[in-house]
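Engineer: For reference, Swiss-Prot lists these features for the protein:
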- GLU21: active site, proton donor/acceptor (ACT_SITE)
- GLU21, PHE22, PHE23, PRO24, PRO25, LYS26, THR52, TRP53: NAD(+) binding site (BINDING)
- THR52, TRP53, HIS81, ARG111, GLY112, ASP113, TYR153, HIS157, PRO158, ASP159, VAL160, ASP175, LYS182: FAD binding site (BINDING)
- ASP113, GLN193, TYR285: substrate binding site (BINDING)
Amino acid sequence: MKVIDKIQSLADEGKTAFSFEFFPPKTEDGVDNLFERMDRMVAYGPTFCDITWGAGGSTADLTLDIASRMQNVVCVESMMHLTCTNMPVEKIDHALETIRSNGIQNVLALRGDPPHGQDKFVQVEGGFDCALDLVNHIRSKYGDYFGITVAGYPEAHPDVIGENGLASNEAYQSDLEYLKKKIDAGADLIVTQLFYDTDIFLKFVNDCRQIGISCPIVPGIMPINNYRGFLRMTGFCKTKIPVEVMAALEPIKDNEEAVKAYGIHLGTEMCKKMLAHGVKSLHLYTLNMEKSALAILMNLGMIDESKISRSLPWRRPANVFRTKEDVRPIFWANRPKSYISRTKGWEDFPQGRWGDSRSASYGALSDHQFSRPRARDKKLQQEWVVPLKSVEDIQEKFKELCLGNLKSSPWSELDGLQPETRIINEQLIKVNSKGFLTINSQPSVNAERSDSPTVGWGGPVGYVYQKAYLEFFCSKEKLDAVVEKCKALPSITYMAVNKGEQWVSNTAQADVNAVTWGVFPAKEIIQPTIVDPASFNVWKDEAFETWSRSWANLYPEADPSRNLLEEVKNSYYLVSLVENDYINGDIFAVFADL
């Protein structure tokens, strides 16, 4: 979806939009850390996030990769910066085609800074001289597909700011006229350069309106995190620093925490003033840091840590090709990135109902599904690599996870227990103690308010429902006991399969069981999570392979612990259990006296 449409839609509802900017890190570890940070920040619901294009096009490939992952894996509306520096038209079109094929609709069109080692911008052969040319090219070749954002400079472009820190009135007016040309050429949104004098920004907005620029103008806010970095950035951008800001910073410049606290205070007060003057959107330059940006938004009452809303039980995709997707199998609940990877080749995505089995079109299992950020790999090493002498030792690790003592799990891309799991963690501990090794679960829910902090989704003024669900590994003997117990519990359905494809089930292969649904005003019933045998048959390969790829392989070859884990993988069954009576049923009754 175009950012301009999202901003205008929120404005029509009387809401203020906010967004974050990130830049490509220099190291692989830095990229991993950035995506973990993005995951946390995107949970607060930014309207979009953008990723910069390195000076001189130095990060072109990485920017393209990060933008695509933001849109398709982090699931946030993404805007990619695109510059003219060192970019002949063929490279520009390659970048645009790449993001279009990945479902991205938003571009920030810039001239760009001079290449490394040069003082002035030089047009590359076969390329463009300015952002206006880039806007014209995008509109002429790609029509209305892309939303185009351009940069605005409240103090004028740094190139025309003199040694005295000011641009002449003639240069400032010329800059405004050039900005209007970019809008007239097809740009539909302006995001400004950083500033610290709010009055300058408000004057800039008024000056734009006076010459006929009517599109939204979004202020770019850069929280002060570090004194030297602040001076370096304002010096590079030739940004005016108000006297009172320097006076406040000077006594605390060597106290980094005090500088950050002042930066949060200043950013908050700047935003309050702009919001009071009718600004409807804020863009935060994060410098890949989260605390200051989030603190400002919390101070403004725009986000609340205790009320992170979800449109669905899983994060809704931002990819233009998946925006209507609203049904998924529960099996990948803790591995959403893997699910997105394995379904990226689909031409249509389920909407409203799961429909016919589509197992044949799941992507093949590959190394990609088991690749992990180094930080997560390290966490698994620290928490899960212990001497394992018996199955009881394995059970102990699962119990520790249910107790909340572990922040990682080989079967999860998420951190620790999810809020709804904590509702049933005492029962889960007992189940794991009996040798049923749980990897996925949800409690039963009967008409809980949709804004509940633990199980809510879909926004306010609705009610959500869940059937209790449990997924676990167990031995053949324990499975036989479960099957026997279920004969006296007709509301429970089960499926079980081992690595050798031996099935045990009391459901038909074509059965599709909705296990989560919601009721909202003026809408049909939404059922975003289902259980179906065909998808379970696909998932089971990934679940069994996780024993090796994400746990056993952390040990040296021939290590007894590694061998034990492989034995469990090769002999245990994966079991899916649903308690269909979500009002009076008790899924844990299956395990009583076992």
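Glycine residues also receive a Cβ, built from the backbone N, Cα and C atoms like all the rest.
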Engineer: DSSP secondary structure for VAL160 (FAD binding site), reduced to helix/strand/coil, please.
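Structural biologist: SS state of VAL160 (FAD binding site) = helix.
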Engineer: Can you tell me the CA-to-CA distance separating GLY112 (FAD binding site) and TRP53 (NAD(+) binding site), as a whole number of Å?
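Structural biologist: So the alpha carbons of GLY112 (FAD binding site) and TRP53 (NAD(+) binding site) sit roughly 8 Å from each other.
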Engineer: For HIS81 (FAD binding site), which of the three DSSP-derived states applies: helix, strand, or coil?
Structural biologist: strand
Engineer: Any idea what the Cα distance is from TYR153 (FAD binding site) over to GLN193 (substrate binding site), rounded to a whole Å?
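Structural biologist: Counting only the Cα atoms, the answer is 5 Å.
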Engineer: Provide the number of Cβ atoms within 10 Å of the Cβ of TRP53 (NAD(+) binding site), excluding the reference atom itself.
Structural biologist: 27
Engineer: Going by C-alpha distance, which of the binding-site residues HIS81, ASP113, VAL160, LYS182, TYR285 is nearest to PHE22 (NAD(+) binding site)?
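Structural biologist: Result for PHE22 (NAD(+) binding site): the nearest of the binding-site residues is TYR285.
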Engineer: Rounded to an integer, what is the Cα-Cα distance in Å between GLN193 (substrate binding site) and PRO158 (FAD binding site)?
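Structural biologist: Between the alpha carbons of GLN193 (substrate binding site) and PRO158 (FAD binding site) there are 10 Å.
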Engineer: Take the C-alpha atoms of PRO24 (NAD(+) binding site) and ASP113 (substrate binding site) and report the distance between them in angstrom, rounded.
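Structural biologist: With the alpha carbons as reference points, the distance is 16 Å.
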Engineer: Rounded to an integer, what is the Cα-Cα distance in Å between TRP53 (NAD(+) binding site) and PRO158 (FAD binding site)?
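Structural biologist: Between the Cα atoms of TRP53 (NAD(+) binding site) and PRO158 (FAD binding site), the distance comes to 18 Å.
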Engineer: Of all the binding-site residues given, namely THR52, ASP113, TYR285, which is spatially nearest to HIS81 (FAD binding site) at the Cα level?
Structural biologist: THR52
Engineer: Reduced to three states, what secondary structure does DSSP give ASP113 (substrate binding site)?
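Structural biologist: The residue in question, ASP113 (substrate binding site), is coil (DSSP, three-state).
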Engineer: Got a sec? Which of these binding-site residues, THR52, GLN193, has the most Cβ atoms within 10 Å?
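Structural biologist: Sorting the candidates by Cβ neighbours within 10 Å, the top entry is GLN193.
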Engineer: List the recorded positions among GLU21, PRO25, PRO158, VAL160, LYS182 whose C-alpha is within 10 Å of the C-alpha of TYR285 (substrate binding site), in sequence order, or say none.
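Structural biologist: So far as Cα distances go, the recorded positions lying within 10 Å of TYR285 (substrate binding site) are GLU21.
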Engineer: So the record assigns GLU21, PHE22, PHE23, PRO24, PRO25, LYS26, THR52, TRP53 to NAD(+). If I measure every Cα pair among those residues, what is the longest distance in angstrom, as a whole number?
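Structural biologist: With GLU21, PHE22, PHE23, PRO24, PRO25, LYS26, THR52, TRP53 as the binding residues for NAD(+), the largest Cα distance is 16 Å.
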